[in-house]
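A.B. asks: For reference, the structure I am asking about is given below.
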Amino acid sequence: MIYNFLESSEDKKNSEIVIVGYPFDSTSSFRAGSRNGPNSLRFFSWNLETFSNYQKKDIHEKNYFDMGDVELPFGDIKKTNSIIYKTTKRLLNSKKKIISLGGEHSITYPIIKAFNEYYDDFILVVFDAHADLREEYLGVKFSHACVVRNCVKLLGEKRVCQLGIRSYTKEEFEFSKKLLSFNEDINSFDFNLIKGKRIYISIDLDVLDPSVFPGTGTPEAGGFNFKDFINFILKFQDNEIVGVDLVELSPEHDISGISQAAAAKIVREIILLL
Ligand SMILES: [Mn+2]
């Protein structure tokens with residue numbers, strides 16, 4: 001049984017928001033499995049109310065359409081990136097706001113490439129436990145371990161913020177000093193840096209603490225609890241959010257379902273923020 005996201009509209013043409021899944025996990029450096037992320041998130045979304053207890057609004061106030069997962073050639077990162085890029089371009093050209101579900105974090109690069117051709121001024125805000133600032137990983141330039149470095153090449157250093165980061169090499173740490181912001185402790189993030197700016201938000205769900213989000217390939221101790229994370233992203237409600245992706249949910253690493261439930265609830269809040 002394949003689900004769509006909670007009570008999704010059937011009308012793609014008139015929907016302002018489109019949810020799309022990219023079930024790709026072929027460069028995962030530790031434990032693969034995020035290809036099953038989008039559908040498990042959809043399944044768990046049916047356990048949610050459409051009304052947000054945080055924002056006191058119902059997602060039916062928005063018109064959102066879940067177009068399902070895009071078929072991808074697993075094992076071919078180049079072709080996969082090209083398909084993700086073209087899909088994103090097509091959705092942007094039809095004026096959709098896009099929530100992209102991974103899959104692994106590598107999917108963010110072709111998405112950002114398309115967004116950067118459509119909007120030339122947004123700030124990329126990345127939540128992650130890992131810096132992902134490597135030039136290459138095991139010889140693979142488009143690995144999920146390099147995704148933010150590749151985005152910096154597209155956007156420039158001063159259009160990238162990283163939040164919640166607690167795992168990096170010495171080289172990545174040195175490089176991070178060039179970015180607009182790089183914070184392990186989110187309380188030190190200066191919201192003035194993005195005041196009045198358009199933002200794109202990329203959420204690697206391993207930014208959450210493994211005790212609340214064990215269902216991911218590369219868990220890293222010392223992260224956000226769920227409520228702090230939701231409260232933090234709600235602070236972006238005054239910014240124009242041009243797009244969002246959620247990546248690295250690997251459901252087979254969490255038989256309890258708490259990770260899937262957390263991820264689905266974050267998507268509900270994101271729909272209301274867009
Ligand atoms: Mn990560």
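Just so you know, glycine gets a Cβ as well, placed from its N, Cα and C.
Okay, so TrEMBL annotates it like this:
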type	residues	note
BINDING	H105, D128, H130, D132, D204, D206	Mn(2+) binding site
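How about a rundown of where these features are and what they're close to?
C.D. replies: Taken residue by residue with DSSP, D132 (Mn(2+) binding site) is part of neither helix nor strand, so it is coil. Counting only same-chain residues at least 6 apart in sequence, those with a Cβ under 8 Å from the Cβ of D132 (Mn(2+) binding site) are H105, V126, H144, A145, C146, V147, V148, R149, D204.
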A.B. asks: Fewest other CB within 10 angstroms, which one of the binding-site residues H105, H130?
C.D. replies: H130
